[in-house]
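Features of the protein shown, as given by TrEMBL:
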- B:90-305: domain 'ABC transmembrane type-1' (DOMAIN)
- B:28-54: transmembrane segment (TRANSMEM)
- B:96-115: transmembrane segment (TRANSMEM)
- B:127-147: transmembrane segment (TRANSMEM)
- B:178-203: transmembrane segment (TRANSMEM)
- B:224-246: transmembrane segment (TRANSMEM)
- B:288-306: transmembrane segment (TRANSMEM)
Amino acid sequence: MNSAAAIGLMFGATAGAGSAQAADLTLCWAAWDPANALVEMSKDFEAESGHTMSFEFVPWPNFADRMLNELNSGGKLCDLLIGDSQWIGGAAENGQYVKLNDFFDAQGIKMDDFLPATVTGYAEWPKNTPNYYALPAYADVVGWTYRKDWFSRPEIQAEFKEKYGRDLDAPKTLEELKQVGEFFQGREIDGKKVYGAAIYTERGSEGITMGVTNVLYNYGFQYENPDKPYDLEGFVNSDGAIEGLEFYKALYDCCTPPGASDAYMSQNIDAYKSGQVAMQMNFAFIWPGVEADPNVGGGKSGYFANPAGPAGQFAQLGGQGISVVANTENMDAALEYIKWFAQKEVQQKWWDVGGASAMRAVVEAPGFAASQPFAQTFLDSMAIVKDFWAEPSYASLLLPMQQRVHNYVVAGNGTAKEALDGLVKDWDEVFEDEGKK
Amino acid sequence: MSNSVIDRAARATPTVVAQKVKGLSDRAIAWIFVAPTIFILLAINIFPLIWTIYLSFTNFRVNRPNNAIEWVGLRNYERILGDADIWMTMQATAHFLIWTIVCQVVIGFALAYLINKKFKGNDLWTTIIVFPMMLSPAVVGNFWTFLYEPQIGLFNYVVGFVTGADPSSFSMIGEVSLAPWSIVIVDTWMWTPFVMLICLAGLRSIPDSIYEAAECDRASKWRQFWTITIPMILPFLMLAVLFRGIENFKMFDLVVQLTGGGPGNTTTLTSIDLKREAFEKWRTGFSSAYAVILFVTVFGLASIYVKALNKVKQR
């Protein structure tokens, strides 16, 4: 669809909101708990608008494949898509998402009302320019969960203090995190052998990248020269980045459960809920589920933001924005949904039912930090986010990183320097092909 | 299509039918019937091949339809042949191919030899042995992932029980040295029955009279095995090798489910790597060149093998 037609339809939607013919909208997303919460919430939209909602949820490992195929093939399955933050560049440049600036202006939806990191991460292309292709829908970030009940046992406390000379508490630095991991590794608790930490090591999609960046950022890794775009040498493979990658491997070698060589979100949840590990790295979306779990919920778990490294404290951004697919035949109704979803009351309900609102009026409201045991950690984490490339060729950038990092961290091939030098070579090749270097 | 084929088709057309279609020669009628098939073959086999070869010399990306297609000459081929990681995937594929074929042929033949001996319940045993190959590779991959689980997996438990090692001290699919063998074990478990069935068919096709003649000549069982059984079953064995070789060269689902190609690149077979280049990185031109190289390799090897097979059959 060309931009003039899209704008025409948008203004049509504006004028006709509420009076348009009932449509059957399909919203596409990943299959996970928040999606189920959205199904429940969307019943309000159906009642208000008269439209009906269908949902197409794809399991995470196949989500990108399935949805990017759908977009690239010009399919008509989805009217609305809650797509990963990295897809924005490609979807914007290929005309697969509708540009929403005019619609936002007409409806009085302001991006200033949302957490800045989520606007940059989920909605903008090019980054840091006011061109919006999505509304921040689900704020997410990598953080940590720990067994507060184990940490608070007097005998464990005493042993830890004797060994490390400090109280056993949620780690504030990555070095402390490793110490805690080593302390719990192979320990027997309640007659069961437990391990230090579940971290991301998954090879096939994006897992190990989403994990290792939490350490790399904090050791000085940068995607490019801040003064010269696409200049990678010395930034991706800086001395700090090499040290960071070595640290992640050391963490993998010292503190993970046996066989955790291909673990991502669900494997880490399983390891944690089954009482196998003292800590788990995972996206914040799992925290409501942890709280509700009979084994580890109800005060047994604590939460902490990704610990600081020598070069600062950052965390990997997750989450998604909601976009209108340019190919939709229900443009008016799809825009109506966006308008409905952008309301403060809806965003508040979104948080209440287990979603993660990015709206400042919700997350900055007095009492938000105390609304859930993990709410303060969520806020702390969202304040330190960094995201992976959102370039149109993000997949060509992601997969070599998966390969290089997994090859070093899990398979133990070569050195950290060789892995990052190789990554620079791969990424240079991609940008050369794109004509950006 | 040669003229002689058309002529034969024309001669085969009943005179009555030909006479009814006025104004059309027998040759034209034959062409009318044959043309759709030729067209479909060209459309689904030849055109994609030519198109792939063309794309292999370009930088085309299927997910960037707005970008102009640029001719890059041999750049894609140079990159592939100079890429150490791609050579590693070829090596991993060769390892998988050789060991699965060796294991499956040896075990499959041995099982067929045993089953071929008449004993009570051999039909039941045949059914039990054949069971794994009836399962979906995705299910088998998932199933074995649990068996290989270091802490709760039956495989590690059995190995631990037999050797006295700590079952959680090793991970079949998580360790570089073990992962290639983990996929060989599963594929062998799943497809040995197929080889067994082919061998069984071969063994049952050998006339008893030959063995009876050998018995009369006082040939030992060992001599009968090497001079009758092996030569007569060799074409069947070679056929099994051909089928399993082709199947395993394009092996994808089982390995993806089991190891995802890891750890590192250890079990990344060419089919997995090609799929990533083509449908995850969307480097269509590059992956076309990759596909052409694989096609030429397989076509070349298969041609040599089929010639050898024909020679053996003619003996």
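Cβ from N, Cα, C; glycine included.
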TODO: Answer with yes or no whether the transmembrane segment (B:28-54) touches the transmembrane segment (B:178-203) by the criterion of at least three Cβ pairs under 8 A, sequence separation 6 or more.
DONE: no
Task: Criterion met for the transmembrane segment (B:96-115) and the transmembrane segment (B:224-246) (at least three Cβ pairs under 8 Å) - done: yes
Open item on the list: Under 8 Å between C-beta atoms and at least six residues away from its ends: which parts of the chain pack against the transmembrane segment (B:288-306)?
Closed with: 49, 52-53, 55-57, 60, 76-77, 80-81, 86, 238, 241-242, 245-246, 249, 270, 273-274, 277-278
